[in-house]
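Asker: Quick paste from TrEMBL:
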DOMAIN    9-113  domain 'HPt'
DOMAIN    144-261  domain 'Response regulatory'
DOMAIN    270-386  domain 'Response regulatory'
DOMAIN    426-558  domain 'GGDEF'
MOD_RES   HIS56  phosphohistidine
MOD_RES   ASP193  4-aspartylphosphate
MOD_RES   ASP319  4-aspartylphosphate
Amino acid sequence: MPAGPQNSFQERKQRLRASFIEQLPDRLRQARTLLAALTTSERQDEPLTQLHLIFHTLKGSGASFGFNAINASAKEAEQTLREVLDGDRHLSSHLLADLRRHVQTLEELELSVDQAMAQDGHPCFNLQSQRADSSEATDANRRLIYLCDDDALLAQDLASQLSCFGYEVRPYVALEALCEAVQARPPAAIVMDIMFPEGRDAGPTTIAELNTHLDPPIPCLFMSMRDDFQARLRAVKAGGHAYCRKPVKAVEMAELLDQLTSRGATEPYHILIVDDDPDVAQFYAMVLESAGMTTRVASEPARVPAILEDFDADLVLMDLYMPKCSGPELARVLRQIPGYLGLPIIYVSSETNAQRQFKALEVGADGFLTKPIEPERLVTEVQLRAERMRTLRSLMIRDSLTGLFNHNTILQLLKVAMASCQRTQRQLCLAMIDVDHFKAVNDTHGHPTGDQVLMALGRTLRLRLRESDIVGRYGGEEFAVIMTGLEVDQAKIIMDALRESFASVNFLADGREFHCTFSGGLAAFPEYSDPSALIEAADAALYRAKHAGRNCILIAHPNTAQ
Ligand SMILES: Nc1nc2c(ncn2[C@@H]2O[C@H](COP(=O)(O)OP(=O)(O)OP(=O)(O)O)[C@@H](O)[C@H]2O)c(=O)[nH]1
């Protein structure tokens, strides 16, 4: 059989099952020792609790690794002990004999387990990877757009406008040329006119024809002078995702293209798994990683806060019963740390008692998954909740107009980035930029057009800078950019290129064209060593840039009087 991810998944699963079996004699020995210490004359909560935990773990792990007989026997023993712990049953000699019988059954099962291991007939499962192929080629493809309009000037102009937003746009005037290009290299999306010399609906007709040969079809966005129902209907029937009236606003079109081309490009979800049984934790990690998520495992609840500090978890998957610190206790500890108040916590446990599940949820957890859980279901449940968490968090930390980090977040991120650069002895540059004469834009073209300009600038910054750069809306028409690992002169070259690119964007309002520029101030760490000094210096340099005539970037120097 060829080696592949599915194979290695099965191999790893097999190894985890083997490890579970290896540890089984030890666990059963512990159970025997604890049982021997129990007497009917006096109730001893400590060994009873420990014994309950051993059976509980065997029940859950047995189910997870497909040892059904182990699961069944441990489940009965666990249930008995639960009743004793809850005060519903007395620890009679009959009950102790029953527990010993369970240990014996489990010991016998352990001996016959070699056979069970040989008969590992568990079905393979096909997990859809959340992670998009992150190769450079894929990223380039995601930005490749074909634009087809029989008006050569318009095609050329719109193509250059859209390229200011980070897209590689190839303009085509003839439908035939477009079809040949699509067949040679399919783009991420097509921007298509409706009317051509070939016919009033030739645009949608061509797209419909092209897509019958393509799987999956290429997302398409139509544009036209026409606004009649027939044109819109033809566009929809051809699979059009959006319809823009001409004259087209490049910013709006770029936003639409973002939506069409960004599918699957999300950062993998970060999942922290807390389980005192390392094999079970590894098993969940393996399942989630097979679906493209990034995981960390903690077998010790005490380590969780430290792990969370540098692992930006979207969700915590938590065992319910753990020695020293139970799941609900750990959940409560986390909820008392301000940053983790909204962190989704899901228990995974073989606990089926609804009341106990409810009690565990009461401390502020978000869900309960009952073991054994099918890998597909584990992935779906985790994905759904992690996605919701991302959306909520994004609403909290992002500016609603531009989608960039908001004022508070950018301040917070600047502090973190500076501390990290201090530790790693790297440089950091902060650019504060501000749209020139923005009041005049609002006054002349109206507030909504002003908003479009801010959105355009936000997009230009977001798409043209590196993934590692942090971009935020500092307030009003002022933006902040944090760049790490480069000299201030290099940062100036980058900001100047952005400035020129932004200045070349044609904005349209009521048929009138206009351009905008921005000015910027740059300051660097370690020259300015604390966040407020750095911001103040960049702001002062921005102020000088405005006074120097605007549409330029100036650098702050600590020894120069500002
Ligand atoms: N459309 C829009 N305008 C905003 C927003 N936030 C702030 N503004 C406007 O931005 C303008 C800023 O104007 P000023 O601070 O006078 O500066 P300016 O006209 O850009 O001039 P210089 O910065 O000196 O080049 C004000 O008119 C604000 O109302 C926003 O979210 N949307």
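A Cβ is built for glycine as well, from the same backbone N, Cα and C atoms used for every other residue.
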Asker: Kindly state the mean pLDDT of the domain 'Response regulatory' (270-386) in the predicted structure.
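Answerer: Averaged over the domain 'Response regulatory' (270-386), per-residue pLDDT gives 88.
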Asker: Counting by DSSP secondary structure, give me helix, strand and coil numbers for the domain 'Response regulatory' (144-261).
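Answerer: Going by DSSP assignments, the domain 'Response regulatory' (144-261) contains 54 helix, 28 strand, 36 coil.
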Asker: Roughly how many Å separate the Cα of ASP193 (4-aspartylphosphate) from that of ASP319 (4-aspartylphosphate), to the nearest whole number?
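Answerer: The separation of the Cα atoms works out to 56 Å.
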Asker: For the domain 'HPt' (9-113), jot down how many residues DSSP puts in helix, in strand and in coil.
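Answerer: Split by secondary structure, the domain 'HPt' (9-113) comes out as 87 helix, 0 strand, 18 coil.
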Asker: I'm trying to understand the geometry here, so how far is the Cα atom of the residue listed as 'phosphohistidine' from the Cα atom of ASP319 (4-aspartylphosphate), in Å to the nearest whole number?
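Answerer: Cα to Cα, the residue listed as 'phosphohistidine' and ASP319 (4-aspartylphosphate) are separated by 11 Å.
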Asker: Note down the number of other Cβ atoms within 10 Å of the Cβ of ASP193 (4-aspartylphosphate), including every protein chain shown.
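Answerer: Its Cβ shell of radius 10 Å holds 23 other Cβ atoms.
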Asker: What is the total of other Cβ atoms whose distance to the Cβ of HIS56 (phosphohistidine) is within 10 Å?
Answerer: 25
Asker: Count the residues of the domain 'Response regulatory' (270-386) that DSSP assigns to helix (H, G, I), to strand (E, B) and to coil, and report the three numbers in that order.
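Answerer: The composition, in the requested order, is 56 helix, 24 strand, 37 coil.
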Asker: Would you count the other CB atoms within 10 A of the CB of ASP319 (4-aspartylphosphate), including those on all shown protein chains?
Answerer: 26
